[in-house]
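Per TrEMBL, domain 'tRNAHis guanylyltransferase catalytic' is recorded for 6-160. Annotation comment: TrEMBL describes ASP29, GLY30, ASP76 as Mg(2+) 1 binding site. Marked as Mg(2+) 2 binding site by TrEMBL: ASP29, ASP76. The feature GTP binding site is assigned by TrEMBL to SER75, ASP76. Under the heading domain 'Thg1 C-terminal', TrEMBL lists 164-317.
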Amino acid sequence: MANSKYSYVREFEQDSTLLNDCWIVVRVDGRAFSAFSNRHHFRKPNEPRALSVINSAAVQVMSEFDDIVLAYGHSDEYRYIEHLLYSFPVVFCLKETLNCIIDGNSMFDKFNTSIYTAVKILSCVVSLFTSSYCYYWSTFFPNTPLLSIPSFDARIVLYPTHRAVVDYFSWRHVDCHINNQYNTCFWCLILDGKSNDEAYNWLKGTTKVEKNEYLFTSHKLNYNNLPNIFKKGTTLVKSTTKAVNVDDENCLSYNTFDQLDNLSRREFSEGLGEDLVDKERKIWLEINPSELNELELKVKEKASEHNIFVLHCDIVKDSFWELVSPLISD
C-alpha cells in the first residue's frame, strides 16, 4: 500500500508502543467462565481437571515465546512476566522492553516488528492461550466435549521496578488464598443445607480463623491440609541455565524447587469422607490425591520438555525469589 493514494488510512492507526525499561505483565482472564464452568459441570469449589487445562495452556504459551520466563495463575486467571529475576487469572511477565527489542531471540522479532506494541503482545499471548486451552481440553476431559467456546480477555500493565513486579505477583498469590478459603467455606455451608443468600450472609465479616474453625468443626476439614494447587495457585518458572529433570533427585535445580513444591505431601487418606462430597450437586470439598497426582504428572511432563518448572508454593517470601533468580537469569 506504500506510495498509493490509499496509504493515508494508516494515519488512523493508534500508537501502542510501550515504554522502555519497564517490566511488562500480561494478565489473561476467563470471560464468562461462571456460565462455562456450570455448563461443563465443574466440581466445586475447585475442578482440578480445569486447572490442568489452564496450566497446560500456560506452559504452551511459555514454550512458544522465549521472553516469557515466569507465570502465575489460579482459578481462571494467568499472568506472565518476561525475564524478571526471580486468576485462573494467569499472569505472564516479559523482559524489560528495551532488552526485548535488542534481544535477537525476542518473541517480537519473530513477528518482524521493530517496535514494542501492546496490541501485538496482547493478541499473540491471548490468542495462543485460547487455542491451547481448546487443544488440551480433551486431554483432561476425555469424556466431556466442549459444549461452548471458551474465550479470554487480556490486558498489559507496565511496572518500572523489580520490587513492584514482585509485589504484584505477591498480591495475586494472596488473592488466590483469600478466594479459595472463601469459596471452600461457602460450598461447605451449601453442603450443610444453607441457601446461597444464607451462606453469603454468614460469611460477611468473618475472619480467616472463623472460616477455618467452621470447616473443621462441621466436617473435620483442616484448611491447611488442602492441596497447594488450590491454596497457592500455580507458578511456572522457565529455567534458562539448567535442564529440568523432574525425576533426577541429584539435579541441583530439582533439589532447589523440591524445597518449595510439596504438593504430593498431602495429609489425608485415599478414601474420601462421605460428608465432604455431594456428587449430585457437584460439591467436592476433598479431591482424591491419586487424581491430583495423575493430572499433575501430565502437566509436568509437558513442562519439562521446555525446561519449565510447575510449582505450587509460597511466592510471597523473599526466599522464593532468591531461589528462582539464578535459574532464569541469562
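Placement of Cβ uses the backbone N, Cα and C atoms for every residue, glycine included.
Note that this is a predicted model, so its numbers are computed, not measured.
The structure, with features from TrEMBL marked on it.
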residue	record	CB count, 10 Å
ASP29	Mg(2+) 1 binding site	20
GLY30	Mg(2+) 1 binding site	24
SER75	GTP binding site	25
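Confidence over the domain 'tRNAHis guanylyltransferase catalytic' (6-160), given as mean pLDDT on the 0 to 100 scale, stands at 79.
DSSP classifies ASP29 (Mg(2+) 1 binding site) as strand under the three-state reduction. Put simply, GLY30 (Mg(2+) 1 binding site) is 9 Å from SER75 (GTP binding site) when counted between their Cα atoms. Secondary structure at SER75 (GTP binding site), as computed by DSSP, is coil.
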